[in-house]
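Notes for the one structure printed next.
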Amino acid sequence: MGRPRQGSRDYASQPPPPGAQSNFPYRDGPWHLGPAHPQRHIANYNSQLPPCVGPFKMGFPAASRAKSPALRSCSPGRPGALFLPPAPSRDAVPPTGTGRRAAGGGRGRAGRGGRTPEGAEPGPAAEQPGNGGGARSPRVSRMASASTSKYNSHSLENESIKRTSRDGVNRDLTEAVPRLPGETLITDKEVIYICPFNGPIKGRVYITNYRLYLRSLETDSSLILDVPLGVISRIEKMGGATSRGENSYGLDITCKDMRNLRFALKQEGHSRRDMFEILTRYAFPLAHSLPLFAFLNEEKFNVDGWTVYNPVEEYRRQGLPNHHWRITFINKCYELCDTYPALLVVPYRASDDDLRRVATFRSRNRIPVLSWIHPENKTVIVRCSQPLVGMSGKRNKDDEKYLDVIRETNKQISKLTIYDARPSVNAVANKATGGGYESDDAYHNAELFFLDIHNIHVMRESLKKVKDIVYPNVEESHWLSSLESTHWLEHIKLVLTGAIQVADKVSSGKSSVLVHCSDGWDRTAQLTSLAMLMLDSFYRSIEGFEILVQKEWISFGHKFASRIGHGDKNHTDADRSPIFLQFIDCVWQMSKQFPTAFEFNEQFLIIILDHLYSCRFGTFLFNCESARERQKVTERTVSLWSLINSNKEKFKNPFYTKEINRVLYPVASMRHLELWVNYYIRWNPRIKQQQPNPVEQRYMELLALRDEYIKRLEELQLANSAKLSDPPTSPSSPSQMMPHVQTHF
Amino acid sequence: MLGKGVVGGGGGTKAPKPSFVSYVRPEEIHTNEKEVTEKEVTLHLLPGEQLLCEASTVLKYVQEDSCQHGVYGRLVCTDFKIAFLGDDESALDNDETQFKNKVIGENDITLHCVDQIYGVFDEKKKTLFGQLKKYPEKLIIHCKDLRVFQFCLRYTKEEEVKRIVSGIIHHTQAPKLLKRLFLFSYATAAQNNTVTDPKNHTVMFDTLKDWCWELERTKGNMKYKAVSVNEGYKVCERLPAYFVVPTPLPEENVQRFQGHGIPIWCWSCHNGSALLKMSALPKEQDDGILQIQKSFLDGIYKTIHRPPYEIVKTEDLSSNFLSLQEIQTAYSKFKQLFLIDNSTEFWDTDIKWFSLLESSSWLDIIRRCLKKAIEITECMEAQNMNVLLLEENASDLCCLISSLVQLMMDPHCRTRIGFQSLIQKEWVMGGHCFLDRCNHLRQNDKEEHQRQLSLPLTQSKSSPKRGFFREETDHLIKNLLGKRISKLINSSDELQDNFREFYDSWHSKSTDYHGLLLPHIEGPEIKVWAQRYLRWIPEAQILGGGQVATLSKLLEMMEEVQSLQEKIDERHHSQQAPQAEAPCLLRNSARLSSLFPFALLQRHSSKPVLPTSGWKALGDEDDLAKREDEFVDLGDV
């Protein structure tokens with residue numbers, strides 16, 4: 001990474017270095033911005049690491065893994081994690097854990113910091129949520145380790161049917177369910193899991209306040225289902241009192257991650273009602289005045305993900321502020337625009353009063369502000385929302401002047417380029433509701449292009465169609481035409497095409513670019529972040545990408561809460577839409593086309609998507625920075641980047657070759673776009689990823705060989721300098737001493 | 001519009017694209033002074049090759065950044081190739097010439113590679129054939145390797161235009177005598193001085209020894225024997241001089257129906273089961289003859305149905321499988337998808353790409369071939385059965401299926417030498433009618449359907465190259481042709497449970513790349529072989545990207561490891577300081593594109609390609625498309 005990490009962590013919690021201050025042409029606020037996350041725990045983290053990783057091995061040493069009722073009822077040393085017997089009467093009682101946590105509401109992590117995780121608790125380094133590997137019982141993970149190595153694409157769940165080769169196939173119930181610190185078991189039930197791929201499987205389902213966990217009770221299957229409740233979008237009862245068919249009475253759960261789960265339950269004993277109520281309660285906590293799990297999660301990591309993004313530092317990396325652009329704190333209390341971040345970069349020549357006047361003419365006050373500046377030609381990408389032109393074609397001198405000021409920051413070209421992400425018809429139609437676009441008459445010095453990207457509703461329906469053709473069965477006879485009829489890749493193509501245009505205009509067209517759609521938080525975020533990814537190789541590193549997401553999506557108010565519906569039961573909400581998923585898909589397409597250009601691998605993108613829904617981390621919660629600040633998200637929750645950055649090796653692309661200043665233009669042609677099978681079809685056990693990819697495998701072997709040779713060479717050098725006078729004695733040829741390159745090619 | 005009714009293939013006469021619109025006017029064509037001065041580029045002739053005709057001041061169109069420009073040069077036609085001699089190839093620096101094809105240059109089209117020739121008359125594109133009354137302003141040549149060349153003749157002298165156009169048409173379209181094929185004059189003129197490393201050579205299967213070696217290698221010699229009954233092609237011209245049959249089979253049986261009705265050995269599996277092929281007996285009306293045929297076959301079957309032979313399963317490829325016609329039709333449609341004249345056409349077809357692809361059925365044919373091969377593999381591997389492939393002449397689908405089976409089951413076939421030997425054994429010695437199927441002599445299409453039969457095979461493999469063969473093949477079989485399966489429990493076609501179970505269980509285990517390999521054959525996994533089909537299309541080239549990028553990383557790492565190895569060796573031997581590192585062969589990845597290793601980047605600028613045609617109607621989603629993203633609260637604006 002070409003940027004200094006040292007000192008970055010202190011930055012947010014300290015006054016700015018004097019040098020930085022004096023660079024600012026304009027300054028209007030105190031320096032308390034950026035995530036308020038003093039790094040008070042950092043020192044603690046190391047000492048908190050349990051001496052050994054492998055959480056469940058610790059909790060259940062090999063000797064005690066035998067069936068042991070005693071262990072089952074007292075899961076050792078886990079306060080507040082009572083293992084409730086499956087008694088319906090207890091289900092209604094809020095588990096003590098939740099109560100305790102709720103009472104301690106505002107307690108920061110510093111308060112928890114002192115508590116060392118007990119032996120039974122998973123150590124942070126050992127928890128591997130991306131894989132499920134760490135979340136599974138030792139036996140299962142051992143058996144599956146060969147095939148579920150780091151290449152496994154099945155992130156949150158390992159749904160795999162494996163025949164046990166052992167003689168003693170007794171299910172060991174003491175292994176029960178993996179739990180995160182702060183996770184409490186609510187109930188367990190015996191159910192039939194109706195696996196769409198392998199038929200009904202009898203199992204026990206455990207429901208905690210974070211996940212639904214199913215373990216097969218059948219001797220020849222070691223199926224595990226590990227699903228965070230956050231992915232649940234809808235819970236339906238199937239079958240009624242009169243249902244007669246086998247397994248026709250139960251629950252059908254629709255998930256946000258392209259799958260459905262069906263459980264059949266016994267009709268007697270109210271078990272379905274109980275399960276339905278508990279699931280509803282914990283999957284949709286907002287409707288029940290319960291906190292999202294992220295606020296209960298007590299995981300600790302040795303890296304603090306909240307420090308990854310510091311806006312001042314990121315703008316400084318871009319060389320900002322400079323003579324033309326300044327940092328303003330006009331929005332420090334979110335008074336100018338409640339969906340924008342506190343810190344904004346605006347033209348030096350525009351005063352704060354100018355900004356306020358411009359705000360009145362932009363939808364939701366989302367004024368044009370800088371996203372990215374080209375390091376050489378100093379052209380910029382500016383983002384905003386649509387102008388409030390309306391039916392009457394209103395004009396606003398301040399807005400027009402402001403755009404002119406932006407244009408003038410770049411002397412190379414006399415026009416400012418405006419990309420309106422919408423189809424022109426929609427832009428025109430938006431006038432009826434007060435919106436619109438920049439007309440030629442009003443904005444003489446601007447050129448406007450429409451990028452024809454459709455709205456959130458179209459995208460939502462398109463993804464639904466994708467699910468229809470891949471889950472549970474993959475459409476076979478007319479796969480290609482079915483895929484075409486979903487339009488999903490066509491949308492991807494348009495988004496990529498738009499971003500290419502933005503990037504190209506800035507890079508070779510040498511023109512500054514203004515991007516907006518309607519509100520500037522969906523398509524706009526897609527376009528600016530993808531263009532930045534194409535233009536700036538920094539964003540193609542792991543941390544760079546995290547910063548990109550944190551900046552263009554999270555801080556600029558992509559409405560994650562509404563688009564995803566975290567903890568919300570209203571599954572038909574028209575606000576929901578897979579806009580961020582679409583962005584990640586575009587990134588995947590780029591990484592497919594440029595397999596050496598990204599530091600991260602596919603697994604990285606998948607884990608981001610998994611935790612987009614899981615509610616385990618605070619990263620994607622809420623709609624905008626102001627709401628996050630009110631909820632003290634950075635203090636009360638853990639960041640997803642903590643998890644990722646403390647396991648970085650897992651998410652690295654071995655082929656990564658850092659290339660500074662190389663602009664990546666993907667080919668936005670259907671001939672190269674592919675459905676992301678490893679994400680969209682990953683639940684289908686027959687669509688298992690090729691593990692590992694042979695080219696990658698060979699490359700890893702060569703890497704290891706190279707390292708070994710380098711070591712040898714160093715040793716030889718040492719040895720030689722030690723006995724310089726000795727004649728070469730070794731009679732054995734070197735080939736006998738070390739493995740030679742196996743040229744299997 | 002694409003590929004309609006071009007059945008009959010290679011030299012088909014119908015133009016698939018009815019009209020041609022020139023998107024560039026001559027005055028828009030940028031030429032630079034340097035090119036106009038025509039740096040003379042010399043024509044390289046192979047031994048025995050003769051220049052037939054030529055024309056100067058021909059403008060070759062170069063597609064770049066969605067606009068075309070031209071390069072002046074000389075267009076020549078020899079008895080081997082059509083060549084354009086411009087000076088744009090002189091730009092290659094040393095590093096890059098290593099990728100140059102030493103026989104066929106970037107602007108060379110061998111006569112046999114020409115698929116269709118079009119002329120543009122008043123902006124209309126027409127197929128050219130026979131005697132011309134009028135000569136075109138522009139010549140468009142579609143090649144069988146999917147390159148498209150466009151030559152503007154507007155600035156060429158009329159005489160020269162006539163000569164070159166009729167010359168090209170004649171030499172690419174007129175029927176040819178076998179003895180006039182260029183390779184004969186080449187072979188006479190060229191000294192054959194290739195030294196073959198005896199350890200490392202392709203088995204030609206033209207001696208008894210080669211067959212015995214193959215029998216021994218596969219341990220088939222217990223139950224099968226090599227015979228020389230057809231030495232000098234006494235019995236049958238179609239069969240090779242030497243081949244292998246079950247040991248107890250009397251040699252005189254072979255003569256009985258000129259080799260028809262004889263089970264001929266292809267390959268033996270480690271468990272002893274074998275793959276056999278048989279050409280059907282001639283169809284007869286006469287009851288008496290039929291009776292004789294029946295008793296002959298009964299005798300044959302008795303021989304191979306008895307121990308030590310495994311149970312035989314017969315696969316009749318003539319009746320229950322693809323027809324050659326189907327394959328031909330599909331390929332004709334499919335290849336049209338890649339013969340793209342200009343950028344506009346590329347983007348116009350891009351929107352409906354998947355349905356165009358599907359309507360060609362090519363990928364479906366590939367899948368059916370692979371599936372058939374997997375079924376046969378299952379019989380041999382899991383059920384320990386012999387499989388007898390039956391086909392009219394046992395020289396088309398038999399070649400295809402038996403080579404696929406061997407690729408899946410026999411790792412030797414996945415080495416470069418092994419693969420070449422396999423082609424030699426199954427296709428060349430197997431009597432595949434290359435001359436007819438590729439129509440090398442340009443017989444009338446209607447008389448002889450040429451079939452692109454070997455193409456399904458090459459689509460399922462990569463051509464041997466750059467020492468990467470094994471990986472590439474594995475990769476292609478696994479990856480290109482699909483690796484995932486998705487046919488699920490309630491799909492209900494004829495698939496046997498055996499097949500499904502075998503297939504699923506193989507795919508549920510981790511892969512040993514040096515053992516049995518089964519490709520995934522389901523929808524999302526069967527993809528277009530981009531490196532073959534898309535490589536010449538400038539719009540489809542990914543600058544500095546594509547799978548080539550990872551392969552070149554792999555090569556770099558290989559080089560690094562090897563140089564380290566050498567250094568260590570040196571230290572052991574002489575303890576001298578290592579010498580300066582040999583310069584790394586490769587390879588600024590930014591200069592590589594999907595053309596690698598066939599050619600270097602064709603696009604000279606790094607501007608992105610942008611779709612020029614837009615959005616297709618959403619149909620029933622129009623309502624949604626009109627909706628607002630959000631309710632806009634106008635407040636008091």
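One-based numbering along the chain as shown.
Using the three backbone atoms N, Cα and C, a Cβ is placed for every residue, glycine included.
If you check TrEMBL, you get these features:
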{"type": "REGION", "residues": "A:1-50", "note": "region 'Disordered'"}
{"type": "REGION", "residues": "A:68-175", "note": "region 'Disordered'"}
{"type": "COMPBIAS", "residues": "A:102-116", "note": "compositional bias 'Gly residues'"}
{"type": "COMPBIAS", "residues": "A:117-129", "note": "compositional bias 'Low complexity'"}
{"type": "COMPBIAS", "residues": "A:144-155", "note": "compositional bias 'Polar residues'"}
{"type": "COMPBIAS", "residues": "A:156-174", "note": "compositional bias 'Basic and acidic residues'"}
{"type": "DOMAIN", "residues": "A:305-680", "note": "domain 'Myotubularin phosphatase'"}
{"type": "BINDING", "residues": "A:N455, A:I456, A:C517, A:S518, A:D519, A:G520, A:W521, A:D522, A:R523", "note": "substrate binding site"}
{"type": "DOMAIN", "residues": "A:486-548", "note": "domain 'Tyrosine specific protein phosphatases'"}
{"type": "ACT_SITE", "residues": "A:C517", "note": "active site, phosphocysteine intermediate"}
{"type": "REGION", "residues": "A:721-745", "note": "region 'Disordered'"}
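Contact with chain B, taken as any Cβ pair under 8 Å, is found for the binding-site residues A:N455, A:D519 out of A:N455, A:D519, A:W521. Long-range Cβ contacts of A:N455 (substrate binding site) within its own chain (separation 6+, distance under 8 Å): A:R422, A:N426, A:S518. Other C-beta atoms found within 10 angstroms of the C-beta of A:R523 (substrate binding site) number 30, with every protein chain shown included.
Its Cβ taken as reference, A:C517 (substrate binding site) is surrounded by 30 other Cβ atoms within 10 Å in the chains shown. In sequence order, A:T339, A:R366, A:S385, A:F556, A:G557, A:H558, A:K559 constitute the residues six or more apart from A:W521 (substrate binding site) in its chain with CB-CB distances below 8 Å. In sequence order, A:S363, A:R364, A:R366, A:S385, A:Q386 make up the list of same-chain residues 6 or more apart from A:D519 (substrate binding site) whose Cβ falls under 8 Å from its Cβ. Note on the domain 'Tyrosine specific protein phosphatases' (A:486-548): DSSP counts are 45 helix, 4 strand, 14 coil. Mapped onto three states, the DSSP output places A:N455 (substrate binding site) in coil. Looking at the residues that bind substrate per the record, A:N455, A:I456, A:C517, A:S518, A:D519, A:G520, A:W521, A:D522, A:R523, the two CA atoms farthest apart are separated by 12 Å. For the domain 'Myotubularin phosphatase' (A:305-680), the predicted model reports an average pLDDT of 96.
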